[in-house]
Amino acid sequence: MKDLTLMIPKLPTRNVLTGAVVNWDDDEMAGLGDTPENLTLAWKDLSVYRKRKTQTSIWRSATYEEVKVLHGVSGIVSSGNLVALMGSSGAGKTTLLAAISRRDKSATTGYLMLNGRLAGADLIARISGFVPQEDLSIEDLTVAEHMEFMARLMMDKRSTSSTRSRRVQQLLGELGISTCTSTKLKALSGGERKRVALAVQLLNDPPILFCDEPTTGLDSFAANSVVSRLRRLAIGGKLVICSVHQPASGVFELFHQVVLLANGRIAFHGTIEQADQFFASLNFKCPVGFNAAEYYVSLLGVQTDKELESQERIRRICNEYQRSDIAVAIENRVGDVKDELEYFNGTVDEKNLYFERYLTLVKVNYFVQFYWLLWRNILSVKHNKSIWIAEFCLLMFVGLIISIPYMGHFEELDQRDIQNAEGLLYLTITETIFLFIYAVFITFPQEVPILLRETASGLYSPLPYYLSKMIFWIPRAVIEPICFVTLVFLVAGLQGGIANWVGFCFVCILCANYANAYGSFLSSVFNKMETAALVCVPFDLIGTMFSGLYMNLASASPYFSWLKYVSGFYYGVESISIIQWDSIETINCVSVKGVPCIKTGPDVLSRFGYSESHFWRNCTCLAAMYCIAHTIAFLMVVKRSRGTPVY
């Protein structure tokens, strides 16, 4: 064992689960091609099953049918190759890519092997990088900020700040985007955005790289540029596998190997030269000057006006391939399946010892994840401060609108002013709650797809993400209610001095934070914002109905009066009413027909069905609803992150 170790050249220490280099010296940086030699990824008898939902009527429950989308496919690819997975729409190329990268959580049968040994899903998923077709990220960040965030969470926590910085600069320079570091992600071109996503996946220098349609949405020049970069990585020693949809001629020729799929079966697997010879042997010779990739895809596509003929042609091509010498050679290379434990515990050879060098990466802890997630939230606000300022000005404008009509009514209260005062208190609470519900309700769903993608890929855990959001929302839910209440208090001329002002602020802050939690609850429970908005309308209507303004709570039916206890509006309006009326000892009576004479503030509370003793109970209930809503929202986020594919 020791003698064998001395025979192997000194190489960077890596992690078997992520491929990360963890012992970079200050004067030695790992290059793009610094990967293990002769890694071979093989799949044997691989089948993938999906559930197809069928609903014949809205009155009947949906039924699910299991559909086989990949039919026992086999293949093998090695380091140093750029491989294209091609086929018409629905052929199974993205499904195969997700299956061999273990990013697909559908039902799968068959074997996936690394260097001839059975490789588990966790091993393959972490030793490789995955560049999705659509890169989901916070688009208000600049390239430098995005890369800094990713480097902090992806790279080994023992690596120094200078090492991370130089790694980022090296990747941006190698990929030709070093001039875009100060550009926001949303301002990048399609090709630049693809290369930034590629740079992120290369931070830990994984030996295997999967790319889902890296040329989609790009012009021919940008597509050629991206694939050329991938070819350089492959020549440097990596294994790069891409799903591609009809690349241009110049782009297609950059690939070393091609895997053609049709109807979930392998139609061809080999080099481009072998593909030309194979199809020519079937009398499908690509015409001179015609795009070979387009020709192959058209052969394997189903024409709507010639469906039976197309299906027969596809069946013939797939069957001929299975009988070809190329397929037999690949089957022989795939060989028999060996157990994963044997890979690590069996006879030690040079390859095994090299592969064990991946066992040492240390991921950052929850606190570091929380810190950098909070850092990203703050930067996002910094880049969008004009929107936040506009929202604050709108809140102040609303405060003016609801308080100006009540000016002068609180200087000397009489019976007519009771309704005015209670109306202002109700508007203050409802505006606060609705504002903060929809502030979270609108912004949070935009980040849910990013959250699901990043947590599913193991970048961070749902707990630090959700805590960072909770903490991030609190300052706004404290500062804005204080400013709003101060404006209403001064303009409307509410009585009670500093003590009542503090009480008003305290209640509104509780309501604002409860609204944040309720908004995040709605955002996490429902997949679509439209559905959440539709569902919350009747609940908000019931909440405002039982707030005490529209219905006397003391005389409400016992069958329905319990609804007030699930209404944040009730707790807020009653609490702020207690603060307003508890200190008022006399109210002037006026001779107005039909208006009863209520002489004291406590009598006003009794008239609306409120009680002075409920103040701290209400505050406790608002805090409890805040905790319950956030807890349910967090659990829903965890559930969705565990059941969502990465690709």
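Yeah, the Cβs are placed from backbone N, Cα and C, and that goes for glycine too.
Curation does not apply to TrEMBL; its annotations are automatic.
Pulled from TrEMBL:
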| type | residues | note |
| --- | --- | --- |
| DOMAIN | 53-288 | domain 'ABC transporter' |
| TRANSMEM | 387-404 | transmembrane segment |
| TRANSMEM | 424-444 | transmembrane segment |
| TRANSMEM | 470-492 | transmembrane segment |
| TRANSMEM | 498-519 | transmembrane segment |
| TRANSMEM | 531-553 | transmembrane segment |
| TRANSMEM | 615-638 | transmembrane segment |
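The list of residues near the transmembrane segment (470-492) in space but at least 6 beyond its ends in sequence, with Cβ under 8 angstroms from a Cβ of it, reads 374, 377-378, 388, 392, 395-396, 399-400, 402-404, 406-407, 409-410, 424, 428, 431-432, 435-436, 439-440, 500-501, 504-505, 508-509, 511-513, 515-516, 630. When Cβ-Cβ distances below 8 Å are used as the criterion, the transmembrane segment (387-404) is approached by residues 381, 424, 427-428, 431, 435, 439, 476, 480, 483-484, 487-488, 491-492 of the same chain, each at least six residues removed from its ends. Distant neighbours of the transmembrane segment (424-444): 391, 395, 398-399, 402-403, 406, 469, 473, 476-477, 480-481, 484-485, 488, 492, 494, 504, 507-508, 511-516, 518-520, 522-524, 529, 532-533, 536, 540, 544, 547, 549, 568-569, 572-573, 576-577, 580; these residues of the same chain sit at least 6 beyond its ends, with a Cβ under 8 Å from one of its Cβ atoms. Distant neighbours of the transmembrane segment (498-519): 428-429, 432-441, 444, 473-474, 477-478, 480-482, 484-486, 489, 568, 571-572, 575-576, 579-580, 583, 619, 622-623, 625-627, 629-630, 633; these residues of the same chain sit at least 6 beyond its ends, with a Cβ under 8 Å from one of its Cβ atoms.
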